[in-house]
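Structure, as structure tokens:
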């Protein structure tokens, strides 16, 4: 069927871009109006994305691609355009929706900030970049937006640039993700070299990599395919905070809390998962690359979950939880189920945005991020507590919340043929449930510890997004359950038979409940003293609290040597290069000084010098003749 | 015959060098002027020697040396006039003192 709305899909990213331009041009004069411009533009985007989505859901619409020449010289031919498929229609809705809620929420959270319009301008640019990334029709265009997303995260993480920690975090986020970007860029160059007619658009990539004949005709061997796949994944590692490039994500918590929600739910980190899902054909053609994706994802899932247990900063716990959940998504894609990965991305977007916005509501009220300084907030902030609880349950994978269904899909995918990864996933799920219950009980129950007086519920502009997200965190899982495989069929375009794996469902539920139960015993009932456990295993506590010393390790093996090389090069530049330059300059100056001294007004001296010059000239001429 | 040319040229060179040495080293302005005359005469000697023993002998060289002498006389007159003016102003004929051209 002909698609109507998809033909104009380019207007979706245009709205936030418009908001960005208006706010940048006229921002300073309008405070409240500027905020509304941003909200209305994002809302318009959301409505249009929803129309596209509904149209595609309603009937079997063909993918729509439109492109035009961008650069053409000699044999080089680059194009720009947009493409609408079921996958990116879904992404458009997630991104615009989360962005819209973050916009509304920020109106309350950022109220009174000097640079509130700048903030909203950046948020609009961020949304624009991510939407552009999603509807890009070729790799190069995607890469441009990919970098724009990186710039926006830099701007927003460092939004409170007066704080040195925020400045450092912004730089770290930018530099660490750049390491991954280099990988992606090399992958694009390799594709450009190897693809027939240098085509970089996703349709051609799909055509070549799904047909072994075409692959052989293009001269792309198994080694090259694996290399391209792994390099694309390196890009995703950087953006999606997978081990070993995960270090920037927790530090990015220095930015305003709504930004954390935006980065963690919809924009920045989703880009990596989306990229791998979009170029899945490349991975599919290379089993080795798939293995790498699956194992890096699985390792990240459990690695970040264990760190999350020992953190004390509310936002950092959530950040490590995001890293861990992104590991799940990568693992799902790596074991061959794009649907499970994208489904987890879809549900995760809602409950993680919910958790971050809830945390923001708490921080906004008591200006504290240490969970030991909170407690008993549940009575004062009922809406926040309830919605946060729903988010925590969804993240812990308790039925019937959305997280259960998506985590179950991931685990069921791992169960088929990757039993090792399944076990890893189950253990990570246990830790997830444990740290979420720890977080919830410490913050919202027990005796109030906070020094802040007058704790009350946040304004409606902040609680309404929480409620909407809470509803979605409950119901969004039902689009893809073992009893209803509509989502998978729709996303992959083929009939997928999802058979209910009750063993997996039972295990994941029991593990989730066990984790919550343990958290309840320790942090609510105080039946088990957490200090006693920590006292028995001091080295482990220390290891986890220090995030496995990864930052320190990087500092020792990368930052310090690079600094040393930098210092040496700077010294070379300062002393050798500058020395030569300064030497030439001072030589000229000295010559000048010497000749000034000759000009003493004595005619006889002048004569003598003239004579000397003549003699030199004669010697030179005669000498040359004799040579 | 051409052997004679070498001797004349040698004599002229010696005279020129003496004149040059005097012009560059002597402190008295009068001696400097005299030395310049010496150099001019060395040149005259060269001209005459070449006009007599040169590759293309002729009268041109002799005519030129006559011109030279005339101009040398004029130059000496002007030079000494300047010298007297300077002496009146500064009270000395010492070349070292005449450094107004500095800067």
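From the backbone N, Cα and C atoms, a Cβ is placed for every residue, glycine too.
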Quick one: which of A:142-161, A:542-561 does TrEMBL have down as transmembrane segment?
A:142-161
Checking A:342-363, A:562-583 against TrEMBL, the stretch recorded as transmembrane segment is A:342-363
For the transmembrane segment (A:289-310), I need the partner stretch with the highest count of C-beta pairs below 8 angstroms, choosing only from A:117-136, A:214-238, A:259-277, A:464-483.
A:214-238
Any contact, the transmembrane segment (A:503-523) to the transmembrane segment (A:421-444), with at least 3 Cβ pairs under 8 A:
yes
Is the number of Cβ-Cβ pairs under 8 Å between the transmembrane segment (A:87-105) and the transmembrane segment (A:259-277) three or more, considering only pairs separated by 6 or more positions?
yes
Helix, strand and coil counts within the domain 'NADH-Ubiquinone oxidoreductase (complex I) chain 5 N-terminal' (A:70-120) (DSSP)
29 helix, 13 strand, 9 coil
For the transmembrane segment (A:173-194), name the stretch out of A:117-136, A:142-161, A:259-277, A:421-444, A:464-483 with the most CB-CB pairs under 8 Å.
A:142-161
Taking contact to mean 3 or more CB pairs closer than 8 A (sequence separation of 6 or more), are the transmembrane segment (A:342-363) and the transmembrane segment (A:464-483) in contact?
yes
